[in-house]
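Engineer: In case it helps, Swiss-Prot gives these features for our protein:
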COMPBIAS  108-117  compositional bias 'Pro residues'
COMPBIAS  172-196  compositional bias 'Basic and acidic residues'
MOD_RES   S28  phosphoserine
MOD_RES   S106  phosphoserine
MOD_RES   S138  phosphoserine
MOD_RES   S143  phosphoserine
MOD_RES   T147  phosphothreonine
MOD_RES   S149  phosphoserine
MOD_RES   S150  phosphoserine
REGION    1-240  region 'Disordered'
MOTIF     7-12  motif 'GPALPP motif 1'
MOTIF     32-37  motif 'GPALPP motif 2'
MOTIF     93-98  motif 'GPALPP motif 3'
MOTIF     113-118  motif 'GPALPP motif 4'
Amino acid sequence: MARDLIGPALPPGFKAGGSAEDEERDSSPVAGPALPPNYKSSSSESSDSDEDSSSLSEEGNQESEEDDTGPPARKLRRNQDDDDDDDDEGFFGPALPPGFKKQDDSPPRPMIGPALPPGFLKSTQKSDEGRSDPGQVSSDFNSEKETDSSEEEDIVGPMPAKGPVNSSVTAEFEKRAQRMKEKLTKGDDDSSKPITRESWMTELPPEMKDFGLGPRTFKRRADGKSGDRSVWTDTPADRERKAKVRGLVCSCISVHVGSILKKNRRQNYSRVLFLSL
């Protein structure tokens, strides 16, 4: 049916824009980027979907009824097939090699931090395993196993003694006193001797015997006398050596004094003889 147009007319070889069906059927080459050969545009998909909507709705109703009444394994298979189809549809670009397996979107990540030992299961896993296993074992055995596992999980720290505990503070004190008494009563040769402190612990050096007894005033001049203060630091070997040296000195002095006395006696005796003559 011809329409009356108002305005300038189109050129002779130009088609009118009203024939949308002719444009869809026209397979003229397109200038610019085009879709892949097996890829449908959204308009064609919408038209195809409009045409097949009635048939798909009927089939979908039948499939939904079958899925509701069918086994769960069949439902899972159909869901997986649908997911695979959704993943494959609309994919274009570089493809993986033939023998290369497609990785999951979220691959399992390695656990970071402290992990459970290899043979250790979480409480949730144990409960799931107990529920999944049918009643092959008696209920008494299962209850005992559950109680044992729960007790082992709740225990933290060292276990208490299983036998009777007879220890107490008073018993420990009595045992300790008994041991000390036995140690003192037995006594060795060294322990039988009276325990006394050495002289250098209880006595002051000779030059400090009057320490603190004199007038408490400052000294006007330094004390020229410097006694032997090595008494506090001498070892037994040093004391023995000093005693030997002191004995030798004393013996030498006594010999020298004796010789002088003998000489004086002789002189006195000669004087007496001379005076008597």
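Placement of Cβ uses the backbone N, Cα and C atoms for every residue, glycine included.
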Engineer: From the DSSP assignment alone, can you count helix, strand and coil residues within the compositional bias 'Pro residues' (108-117)?
Structural biologist: 0 helix, 0 strand, 10 coil
Engineer: Taking every residue in the motif 'GPALPP motif 4' (113-118), what is their average pLDDT?
Structural biologist: 81
Engineer: Do you know the DSSP helix, strand and coil residue counts for the motif 'GPALPP motif 1' (7-12)?
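Structural biologist: Looking at the motif 'GPALPP motif 1' (7-12) with DSSP, the answer is 0 helix, 0 strand, 6 coil.
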